[in-house]
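Here the structure comes first, spelled out in structure tokens, and everything after it is commentary.
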């Protein structure tokens, strides 16, 4: 509905507040009066010059006529011998024709000779001064209109204000010089109308309203009442809809019935205002009056929207039928283009310059767009079953010869509506029906769109084979369908990932390359196709990771930079895209350009302030840069939004341990123990924190709980023995010492068994390789073992056997000497050690 309101907003100003130049607005407005103000001003100037020129010409003609008349009369009166009627000599000339002859003397005596010099023009005369000032006003008015056409609104306003100032000077000058009979009312009207229009364009609403009101109230301007339309438009923009309706109706009263086109546009504006007020009944009355007088597509569409808002199915059908029946001189038949295309010898350059044809196409495109939007709006609502509604609309469109392509679009819309209802089966059936129709009935572009949607549906379902099939058909139907190229590229990307998982890297690289070419071709078709640009960046990024895994550093650098270039291009189009900023930040992080990565992360966090993963990544980057304070802030924010991320919890716990703030660290380790109750290390870290703050009783209790669930944990038993000794609990100390001895014995047995299994497996591998022989190459391939030299294997075996023997020897000595005494004597040696300052395990430090 918001898009519909936007269309209505654009339509409100059609015809009377056109965003063309103010001069063009004035010409359109004054066309009913017959002549515009600037044109009338120019005609007045030409009339004045013509009068002056006529007087000079009369004087010269009078002098010349007098001279000729004098010559003729003297000859007739007898001053000279009269020329006989049969003479062949020219009048006033002798046969000799010399300077001293009688003919020349006669010409001189007739009042000939040099003409007197012309009188010099007096530049300081009041008339000329007023005329020059009027020319300046017209020039400023013209410049203001040109600036408005170039969308230089502030410059146009400044020029309009200067024109108004000059016009006031002109009025004062004529008043002082008593030249009031030369006052140009049309020029004054044009100047102040242009000023009001420029104020409106710059959204100076009060000033514009004041200027329009001054013009309307002036009785000297015959048709100034029409400007109430502009006043109504300003009230409409200010959302003062009752005032706008009042102005529209006052303007409607002043428009004669001969201007019915303008009257119906005003009625449509009144309907738009009623719609904004939610008064659909009154809006319907205005739209129906407009449709009965002079039907147009915009009013018909607005009428359908009103009936849709009221839920009147029958009137929606009737209004849609009226919309299809609109006949307009601008809207020709479908075969108009076919007839034009039959002339193959027609010059394309001339056709491109045909403004009338362009206007015809624009009007036709807008009409079909409105029909399609109306059909999509009412199709699911005009029947109880939306399928029947779509079928009814499609049948009506097919009956109208002008809307066959719109009917095909509605079939695709029907399939999309099935998808919205999560009915992919019927959606596919509706689109597959295009294949069964005659290809002559459906153009290639529509077929390509249908195949593109089928490809997309199958891709979402995971049926890559069928998706690839229809993606190929879509490209074959229309090679310049950017969406089809993108979908086909996605299918190739999916194949590449499948080969990469199977470790078939050559095939994966091949399909990545094909996908890259398809995305680039899609960008060539539509330079701003954001799907193609984004997927191109992902494709190059995946290719870079593949080459990095294969240790091809040169190809890795080439592809990762291509990915960065694609995402930066997308960033120039969509700077507020979180996905684009995320990929830019990650790529800069991979390239170790920490400053640029930090800037990209900051932009991303400004867009998605609650994304815990982004905050954690940025915190890790800051930690690598030794900015511990900022790193902690970002990790803490990440923990607030997603308190179950184990990496973030581990980092925060380690941070507080390093800062010797064990109470705070304990909170995070306890949280981790709740999330992973089977992981013993978190409870061990909690107990360690209790020991470090001197809460030995709590530490003992925690260790005892750990010992119950993990009785063979050597670290827990060791700390229990030491805590019992520290707290003077001899009975428990001996009990835990015996448990520790048994646990160590079990660990020794397991280590010995593990060692023997490793030795056996190595001997079996040697026999498999041919009596202990090894392959010469050091690296065979992914998933296979590394070959070692025989000396290395023997040393490793000997080391493992020595380690097992050492463990067995230690256990035997403990049993022979009485394990308890041995442990006690060892504890006495370590009694004075600060046993609570052991380092945090590497597995608990942040990655």
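Every residue gets a Cβ built from N, Cα and C, even glycine.
Per TrEMBL, the stretch carrying the note coiled coil among 726-753, 754-781, 782-809 is 726-753. As annotated in TrEMBL, region 'Disordered' covers the listed stretch 332-351 rather than the other ranges in 292-311, 312-331, 332-351, 352-371. Of the candidate ranges 688-719, 816-847, TrEMBL annotates residues 816-847 with the feature region 'Disordered'. Note on TrEMBL: of 93-132, 133-172, 173-212, the range annotated with the feature region 'Disordered' is 93-132. Note on the repeat 'TPR' (646-679): mean pLDDT across this stretch is 92. Across the repeat 'TPR' (225-258), DSSP helix (H, G, I), strand (E, B) and coil residues number 29 helix, 0 strand, 5 coil.
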